[in-house]
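> Quick paste from TrEMBL:
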| type | residues | note |
| --- | --- | --- |
| SIGNAL | 1-19 | signal peptide |
| DOMAIN | 199-563 | domain 'Peptidase S53' |
| ACT_SITE | E272 | active site, charge relay system |
| ACT_SITE | D276 | active site, charge relay system |
| ACT_SITE | S475 | active site, charge relay system |
| BINDING | D517, V518, G541, D543 | Ca(2+) binding site |
Amino acid sequence: MRLRVCLLGLFALIGTSKCSYSPEPDQQRTLPPGWVSLGRLDPEEELSLTFALRQQNLKRLSELVQAVSDPGSPRYGKYLALEDVAQLIRPSPLTLRTVQKWLLAAGARNCHSVTTQDFLTCWLSVRQAELLLPGAEFHRYVGGLEETRVVRSLRPYQLPQALAPHVDFVGGLHRFPPTSSLRQRPAPQVAGTVGLHLGVTPSVIRERYNLTARDVGSGTTNNSQACAQFLEQYFHESDLAEFMRLFGGKFVHQASVSHVVGKQGRGRAGIEASLDVEYLMSAGANISTWVYSNAGRHEAQEPFLQWLLLLSNESALPHVHTVSYGDDEDSLSSAYIQRVNTEFMKAAARGLTLLFASGDSGAGCWSVSGKHRFRPSFPASSPYVTTVGGTSFQNPFRVTNEVADYISGGGFSNVFPQPSYQEEAVAQFLKSSPHLPPSSYFNASGRAYPDVAALSDGYWVVSNGIPIPWVSGTSASTPVFGGILALINEHRILNGHPPLGFLNPRLYQQRGAGLFDVTRGCHESCLNEEVEGEGFCSGPGWDPVTGWGTPNFPALLKTLLNP
């Protein structure tokens, strides 16, 4: 009888506490620093919400990712097409019917799905949305350096219990856009300039990582690379042109971005947006480059979630994607974090290489019941992405060996168990490191990151027509490593091989071959008496500060070219 009442409640949109549930009870709903409410929305205002529908066959998807990503597998490199992924994981007919009837009864309109049918985005009035999602209360907020406006609810929402097998979560309610952690450090003091460089430029990158003038794209393949931006920022083609005029004279490069997905506004350029484009296109020189731009989105949309929807709706995508985005693991709901991880599995099955910045807070720090612990970041902690940490030159003015950058994000996930591909490397680090923090500070059995690193300190960037020095963060190291992998894909494609795809299983099997091992330096953490601001320290082999190390292009190409 109770089931019948609950089902009636589903279609009549009548919810009771016994017949409803909260999909994201553990989602952080506090207002981020720097954000203020502009007041509650008018009930007749329109907003867009995204419904994540329950997928099927996720165990089989995981097995396929392992098979196409493991060089020892006969299926290595035999990636799935988007249509194959859709056939495997699309929601059941019952899920599709149930959710569509529920939304139709609520007055939802202009609903759009994706090729994989596992996301549904619909328009509703605020009144309809708050009736559909009891507990939600939509306000407009403004915050961040760009004075970004978003529509969110700081109150938990409920769904009818009958939807529990069919909906993972609803996007557009809780998560606020990220803020940039890029910083401009003061220039180190030095006497004289003979034989010195005055900051990281494409020439410095290419010298350190052994890229010659010949190490550029051929222009004859369908190879491509991309960066995605979730801040309310733009890049300017004029900045790219000025950057290449100043710093790109010694190598062949493309004059402009090939494809912008999203809207490019006419506002001021952002340093992060400029950095991503300029260094992806100078490390992966002369390779077709896409930019996923968040500008112009509706206020109720989550920028990162919208990017995931784009990946699920395009059959032809760039092979390498670099992303400078992250949130504290503990601030995200379990439903959201697990579903996003599944989206990364879908990308891996299709042979996409996803690179994420490891973050700029070292090991991080938070207090749990009065006790300090390190604070891992997501998506850096996902086992299905390649995470890029940061380094500095040992001598900041010479192209020398690298040491760990103290801001380089790294550590151990509290959500994802350690994947089998890295168990041996992590065990070796834990056994041999002379500087381990107390075991209560981290989950030694969790997914450990980063996987690799590159220079993250002291970059020159051109933004709004002005050359800006000493820009630092793993937002810089990530596009550099991505561009280098795109160059390796270029060689693989010319040799008749598939692109690299999800790199980690191969990377760990080859134990850092083709990378400069970074063995000195520690990153920051909790400022207390127990650890005194020090997290993990780098050492021989893999470590949770710089991963396996930084790219040595000729050696890495040799290592990854075949099969």
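Placement of Cβ uses the backbone N, Cα and C atoms for every residue, glycine included.
TrEMBL entries are annotated by machine, without manual review.
Predicted, not measured: the structure shown is a model, and the values here were computed from it.
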> Within 8 Å of the Cβ centroid of the Ca(2+) site residues D517, V518, G541, D543, which other residues of the same chain have their Cβ?
G512, T519, S538, G539, P540, W542, T546, G547, W548, G549
> Considering only the recorded positions S475, V518, G541, D543, which fall within 10 Å of E272 (active site, charge relay system) when distances are taken between Cα atoms?
S475
> Taking the Cβ of each of the recorded positions and counting other Cβ atoms inside 10 Å, which one has the highest number: D276, D517?
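Most Cβ neighbours within 10 Å: D276.
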> Under 8 Å Cβ-Cβ from D543 (Ca(2+) binding site), six or more apart in the same chain: what's there?
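The answer is G410, F429, S433, V518, F536, C537.
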> When you measure from the Cβ of G541 (Ca(2+) binding site), how many other Cβ atoms are you left with inside 10 Å?
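Total other Cβ atoms inside 10 Å, all chains included: 17.
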> Nearest by CA distance to D276 (active site, charge relay system): which of the recorded positions is it, out of S475, D517, G541?
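Comparing Cα positions, the candidate nearest D276 (active site, charge relay system) turns out to be S475.
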> For the C-alpha pair, I'd like the distance in angstrom between G541 (Ca(2+) binding site) and S475 (active site, charge relay system), rounded off.
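Here the two Cα atoms are 24 Å apart.
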> About how far apart, in whole Å, are the alpha carbons (Cα) of D517 (Ca(2+) binding site) and S475 (active site, charge relay system)?
21
> Within 10 Å of the Cβ of S475 (active site, charge relay system), how many other Cβ atoms can be counted across all chains shown?
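Taking all protein chains shown, S475 (active site, charge relay system) has 30 Cβ neighbours within 10 Å.
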> For each of the recorded positions (E272, V518), count the other CB atoms lying within 10 A of its CB, then report the residue with the highest count.
V518
